Amino acid sequence: MTPLLDIRDLRIEGRSDEAWHPIINGVDLTLGRGEVLGLIGESGAGKSTLGLAAMGYVRDGVRISGGSVMFDGIDLMNASAEEKRSLLGRRIAYVAQSAAASFNPAHKLIDQHVEAPVRHGVQHRGESVEDAIELYAKLRLPDPHEIGFRYPHQVSGGQLQRAMTAMAMSCRPDLIIFDEPTTALDVTTQIEVLAAIRDIVDQFGTSAIYITHDLAVVAQMADRIKVLLKGDEVETAPTREMLEHPREDYTRSLWAVRGFHRPEKPAPGPDSVPILSVEGVTAAYGEQVVLEDVSFDIHPGRTVAVVGESGSGKSTTARVITGLLPPRGGAVRFEGEPLPASYRQRSKDQLRQIQMIYQMADTALNPRQSIAQIIGRPVRFYSGLRGRRLRARVDELLEQIELDPAIYRDRLPGELSGGQKQRVGIARALAAEPRLIICDEVTSALDQLVAEGILKLLARLQDELGLSYMFITHDLATVKAIADEVVVMKEGRVIEQGPKTEMFTPPHHPYTDLLLSSVPEMDPDWLDNLLAERGVEDLGEAATGKM
Amino acid sequence: MSIWLWIVTALAVIAALARAGLWAARRLSGDAPRFRDMSYGEALGYALALAAIIGGVWLWMKPGAVYFRWAVMGFAICAVAAYLFRLAGRHIGPAGLKRQFRRMPLTAAFGILVIILYAIVAIFAGWIAPHGQEAVLGAANIVPGGDPAMGGDPAFPLGTDRIGRDILSRLIYGAQNTVGLAFATTLLAFFLGGALGLLAAVVGGWLDQLLSRGVDVLMAIPSLIFALLLLTIASVWADGARGLMTLYMVLIIAVIDSTRVFRLARAVGIGIVVMDYVEAAKLRGEGMGHLVFREILPNAMAPLLAEFGLRFCFVFLTIASLSFLGVGIQPPLADWGTMVRDLAQFINFAAFAPMVALAPLLPALAIAVLTVGVNFVVDWMLHRSSGLKS
């Protein structure tokens, strides 16, 4: 039997600086009917480009320079525009990373859903609407009869992602390309989307290419895994085989990322004065109360991880501590002394003691300033160093974050990679010589290998400089790696807090339990076991029952 | 046959031609992807373009179409000049400049060339102009072209106006007066609007409300009428002093135009203020000066520069319009707006003596070419700054 999709020696080039640079260098890919192939690799590996090429499509400024793409005996490289139009949406569908950015905000979900089937003449509008409602039910969206008649902004991110999967399914395509469909979601939402996607793919026997950088996710979804590195294939193997016996060093290094683990430091003595105490803080944006009675301490030299889903008040807590959002009640103390509520009233020294590292290094660094200016400014501002001594201090800081001063001193942020930018963000915080650094999701926008490097750097700096960290994250793997204490937040309240070992051993608060169990593991049976454990009936059966 | 029927028939013929041409191209090329995937709409576009070219050639051949031939020749000369200028830029000068020129579209090269030429003419007007701007010389109403048989005079290649001043010299001095004043006015408007706009963005709260509502009030009044009104009042204060009158005009136009700059600067500033790097600077304890000039202004520069180009054109046109209406730059100073007004009646001779009608068109052309040139450069800069973001 011929494979559904057969890509041979595909070469793709992208244009930049008036020359063509290879993005994909001769990759082969075959996909059988009903098979799910996982594509993994770091950002820049060419995963998305390859995924789009499987539809015979390339982005602007990119061209296919060689090879062939055969879809069910049709040569997509030489197909006419009309032929492609009859395939795309009908037999090949695409689910993008950010459903929020991919839905047209001006139209209701259902109108966008029925577009493909009506246009391809598969169904009439009425039939298609009924079918959409059925699909929404199968994907376990709440109110399947109502949800389609809402606009994209009226639906949550996880629901939108499922609605997009339903839309891709509308013509019952033979092949769906999922481009990181859960990367932007919280762990608890991710589970629902993963389970929904897998069940619906199983049920209709659809083939799929699943693109992601998260190994644990791909382990749940794919039958086979293909690892890409800088446009080259590293290896391809069935999921279990690859997880158990990765052949290549690069694959092994990907697997080992989650191995970073920092031993928990001994608990602080009873007479240790916390460097920062948050005492019964209540805060609100206008009338909307976002924090209620939040209290926790950070002791010198320790890392406190604040965990929770988006909207749980983690970042708001950071804003209260830094003084950007004066609290409505409660107090923040630094080494026992109460801090003024607003940053405007704090002294230069109080400001210096607490520094922040941001999630998006892109927006955290001024794009028009050189690295030396970005790092040099706080040094000069707080210590008054100038000229040669300022330069020496900047070089020293760059060395601390493991960037060569000679190369990077005069670059602009736009000329650095994501991980390097994040390192510069760390250096800017260090330049103030603070006691406490607030890390707001510092690794969540980075690839796993790069994120691990950042975590190791932060751990080393803590040992060398005796820093305390408040580590805001939704990623429990990060918490396991670096935290000494954990504070779990939900809907603006602290649900549970304590030392890490205590938090990761049962019994947990039910919400902590939900969070913990939602972190994907590398075991390919993990999702099945988890769903069985949570008592969710097999979705496929439930859905067929309804039909 | 009525003109409408004629147009409909022509369109139908073009549509049929497009259909036939597309079919033929597919057959002849053996279904090459280029023609196979070409939609009928695209083919129709090509057919219309072809019809326009044929029409242009036919019009060129017609003996009466003098202005059309001039326009086509002028366009060709501009294009060649811009091409040569870009070619020169690619091979002369420092490496950074060469790289800029390599990526530059022809329109931008034309715009830069125009701006440079105008700047040279404006700065060196005193040396370039053959006569003074106020000098009344010999005969009045000499026809442009310098051909004695047609009523011209080689000594005055662009002719003289109705009191016998050399039009070429006045055009050159006009560049100095009109462009110089427009530039000064725009700078002032930017200083005022940009500073207040960024301040409103950073401080927010009541200051933002106060400034924004004030600007709303100023913007609610049609700008040209408002300027006319204020200038009429100012002319009483100025009491006939020419220099004072010009100063009032600059101030009034700057204030009115600064409202538009304020709006833009505030909108851009608000987008930048929420960036984490500004938050980091605030939390460091930085003062207002550092926030505005070091963190925000460099990032707001691209849209503000683009707006500067556009605003310059508007200010320039406002000055020309006010001068045309008689309250702007006062005679005998040469100014393009005033020149258009003074020479306007010659336009009536266009049908039988094209050269005579050229006189009022020259200052109008000077205004138009600069406006187009500046807009080309602004478009290019906007394109580049948006390209940098992606």
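Placement of Cβ uses the backbone N, Cα and C atoms for every residue, glycine included.
Just so you know, TrEMBL annotations never went through curation; they're auto-generated.
The annotation transmembrane segment is assigned in TrEMBL to B:6-22 (among others).
Under 8 Å from some Cβ of the transmembrane segment (B:43-61) lie the Cβ atoms of residues 10, 14-15, 17-19, 21-22, 68-69, 72, all in the same chain and six or more residues away from its ends. The annotation transmembrane segment is assigned in TrEMBL to B:43-61 (among others).
As annotated by TrEMBL, transmembrane segment applies to B:67-85 (among others). Long-range contacts of the transmembrane segment (B:67-85) within its own chain (CB-CB distance under 8 A, at least 6 residues past either end) are made by residues 56, 59-60, 106-107, 109-110, 112-113, 350, 354.
With a cut-off of 8 Å between Cβ atoms, the residues of this chain six or more beyond the transmembrane segment (B:106-129) that come close are 78-79, 81-83, 85-86, 89, 166, 168-169, 172-173, 175-176, 179-180, 369-370, 372-377, 379-380. Annotation comment: TrEMBL describes B:106-129 (among others) as transmembrane segment.
According to TrEMBL, the domain 'ABC transmembrane type-1' annotation covers B:175-373.
The transmembrane segment annotation in TrEMBL covers B:181-205 (among others). Long-range contacts of the transmembrane segment (B:181-205) within the same chain: residues 211-212, 246, 249-251, 253-255, 257-266, 268-270, 272-273, 288, 291-292, 296-297, 300, 304, 308, 311-312, 315-316, 319, 329, each at least 6 residues beyond the stretch ends and with a Cβ under 8 Å from a Cβ of the stretch.
Look at TrEMBL and you will find B:217-238 (among others) tagged as transmembrane segment. With a cut-off of 8 Å between Cβ atoms, the residues of this chain six or more beyond the transmembrane segment (B:217-238) that come close are 244-245, 248-249, 252-253, 255-257, 259-260, 263, 318, 321-322, 325, 327-328.
Residues annotated as transmembrane segment in TrEMBL: B:244-262 (among others).
The transmembrane segment annotation in TrEMBL covers B:308-329 (among others).
Annotation source TrEMBL lists transmembrane segment at B:349-382 (among others).
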